[in-house]
C-alpha cells in the first residue's frame, strides 16, 4: 500500500499494535495512518519546522517528535494534543526516542549534543557531549541501560544512560553515520552510513561483526526485527533492503518509492515494514511475502521519520512540513496532525505504553505530546543545534 502524504516523509514508525503508523513530514506535521486502509487518522500540528523524527511510546498513547524548529514535542495520540514542548537544543532536533518504560526521552541534535529528558516533567536530566559533528541518530537499548548515537564525525558512540559516560567509540565507517539501532536483546548494534555500508557491531565489545554492502547510495535508516534475525535498511537509492542479520545476505529489495527513503521500521511482530520517503508518501509492506499493502498520503513535504506504536495499532510520522501525524495502521487514516514545531521534524517515537509521542526538530526543541489528545505536554529546550534523526 502506498500512502501519499503530500509532503516529503522524513521519519516513519509502527505503533506496537501494528495497526497504525506515525510519520514525520517536511510540511511540519505528524500524521497517524491506519495500516489496513491507508487512511490518515490524525494530523498533529504545532511544529514550525520540518518534522525529522517520530517515535511512539510502548503503549501507543504518546508520540515524541523532533523538528528543525529545535524542539522536541510529546503528543497525546487519542486527542492529538501537544502535551509538552521540550526546548534546549541550539540546533535542529534530528532524532528522538523513548526509553522502553516511557520515563525518559533521548534526543540528538545538530548542535553535536545528546540530551536525556524526564518524559513526565520535561526536565533536562543530562547533556552528553563527545561527538565532533552533528548527531544524526540516537537509540535506547531495550533494558534502558545504554544509549547509542551516530554522528557526522563518522563514529558510533555507546553511552551509559544513567551516568552519561561515553563507554565506547566505534570506528569503521568512512562517512557520516545516519542511523543506529540496538537489537531487541541489546547484544548487537547496527549502523547505516553515507559510505553506503551497514555495520553490525557487538554492543559489549565494540567489535565489527559484519559489514553489509548492497545499497548504491547513502543508507538513511536501519532497524532490527524483534527476534534479531533480520535487518531492514533504506537508502537514497530509493530502495528498502531486507537482510539476514547472521550471515549478512541480502534477502529482498523493495522498490516503489520515487525518491530517497528517509526512514524505515518493523512492526513489533515483524510482520510489516513501514517506509517514509522524500516523495511525500509512506508505504506499508507485508514482510512475508513482500507486498505493498498501503500508501499513506497527507504530509505536504518530505517524511523524515516513522515509527509504530508497540501495540501496532498506530504509526507516527514527522515531516519537513513541521507537523507530526498519527495514523491508523489498519485503515491508513490520519487520526491527528500535531502542530507546534517551527522547523522540520526530524525524529518521532512513541513511549512504550503508547501514551506519549516525542518529536525532535530543526527548531532545536524536543516536544512531548499526549498521544490521545494531541496536547503538547512539554517543550524541552537546551540543544544549541538542530535535533536530528
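Using the three backbone atoms N, Cα and C, a Cβ is placed for every residue, glycine included.
As given in TrEMBL:
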REPEAT    7-43  repeat 'WD'
REPEAT    44-85  repeat 'WD'
REPEAT    86-127  repeat 'WD'
REPEAT    128-169  repeat 'WD'
REPEAT    170-211  repeat 'WD'
REPEAT    212-253  repeat 'WD'
REPEAT    254-286  repeat 'WD'
REPEAT    296-337  repeat 'WD'
REPEAT    338-379  repeat 'WD'
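Among the recorded stretches 7-43, 170-211, 212-253, 254-286, 338-379, the one sharing the largest number of Cβ pairs closer than 8 Å with the repeat 'WD' (86-127) is 338-379. Here the repeat 'WD' (7-43) lies next to the repeat 'WD' (296-337) in space: the count of CB pairs under 8 Å, restricted to residues six or more apart, reaches at least 3. Note on the repeat 'WD' (296-337): residues 1-60, 63, 65-69, 73, 75, 77, 79-80, 95, 259, 262-269, 272, 274-278, 280-284, 343-350, 352-354, 357, 359-361, 367, 369, 371, 374, 389 of its chain, located 6 or more positions outside it, place their CB under 8 angstroms from a CB of the stretch.
At the 8 Å Cβ threshold, with sequence separation of at least 6, the repeat 'WD' (338-379) comes into contact with the repeat 'WD' (44-85) through 3 or more pairs. Remote same-chain residues near the repeat 'WD' (44-85) are listed as 8, 10-17, 20, 22-32, 91-98, 100-102, 105, 107, 109, 117, 119, 122, 301-302, 304-311, 313-326, 335-381, 383, 385-389 (criterion: CB distance under 8 Å, separation of at least six residues from the stretch ends). Per-residue confidence over the repeat 'WD' (44-85) averages 93 (mean pLDDT, predicted model). Long-range contacts of the repeat 'WD' (170-211) within the same chain, counting only residues at least 6 positions beyond its ends with a Cβ under 8 Å from a Cβ of the stretch, are 133, 136-143, 145-146, 148-152, 154-158, 217-224, 226-228, 231, 233, 235, 243, 245, 248, 389. Secondary structure of the repeat 'WD' (7-43) per DSSP (helix as H, G, I; strand as E, B; remaining residues coil): 0 helix, 28 strand, 9 coil. Assigned with DSSP, the residues of the repeat 'WD' (254-286) fall into helix, strand and coil as follows: 0 helix, 20 strand, 13 coil.
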